[in-house]
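A quick write-up on the structure given underneath.
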């Protein structure tokens, strides 16, 4: 499919970004011959294929996620990238409200259509688009949670899998409320430096340190199918993860991850998750701040980007019903590498969704 880039007619009149994109979206392969067709014969579906930097410069065009088309709803999509730009639930350094925007910028420059490590070709098998951001209320966190919940109800009603750019980790709570309304209690793969299971913070029940406590209370999580990976740092008690274990969560502290591949761990996690619906929530502060400094509550001695990729690739074969990448804070990301890492991790999430084609 992707060799078709070399067959595009790049005349002077067609070399602008949108003209090239129209050609690519229409290009179809049928019995070894290239021809223009608005629908690909292999599936009868129209697929959105990001333009190649071989022909469209990386710095040109509107920076949607991976330069995918924008549409204002999830109708007709198998998966959708969506931003939730809030940081009013954060307890330390703010700035995550700018995460979705900067992740998109980095993705538009450096993401390509195929995963060369796994040979996944998501844009040949899923209809994907960027559906913009939730219109959050930056002055009222509870109202923002309501808006998120209502938005995600519409997304999942279309049978679309949301791939979310945060935003602080508060957002996972209302997202999971909407997801569980459709799928019932879900398994959870949670990558983070922190358990996010506090009951209250400064007298408030809703915040980025409480989402999974709220989810347990409401029966949203299938607690025997929850794993938390990368937890670390100082705590208010000697065992900050006692509550998680008491609910039946598997807790994998970062010390268990040092100096090793996480491929064996993910084999065990897949067995734990089984065939039921699973949600993947990845806090960028799960990675060591040497790799991802642009975040609100950094903790030293964290996971490496390689281990982060191993965790996500280890989700292949699971019944993933949603994913998020949260807590990217561009004001603390002076090189852009945290946002770039977040963009790549989101692409890896797309590549392990059900029904993705592999070569």
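Note that Cβ sites are derived from N, Cα and C of the backbone, with glycine treated the same way.
For reference, TrEMBL has these:
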BINDING   169, 192, 194, 196, 283, 285  Mn(2+) binding site
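Note: the Mn(2+) site is recorded as 169, 192, 194, 196, 283, 285; in the same chain, 190, 193, 195, 208, 286, 297, 326, 327 also have Cβ atoms within 8 Å of that site's Cβ centroid. Listed binding-site residues: 169, 194. The one with the lowest count of other Cβ atoms within 10 Å of its Cβ is 194. Counting every protein chain shown, the Cβ of residue 285 (Mn(2+) binding site) has 30 other Cβ atoms within 10 Å.
Long-range Cβ contacts of residue 283 (Mn(2+) binding site) within its own chain (separation 6+, distance under 8 Å): 169, 190, 191, 192, 193, 194, 196, 295, 326, 327. Around the Cβ of residue 192 (Mn(2+) binding site), the number of neighbouring Cβ atoms within 10 Å comes to 25.
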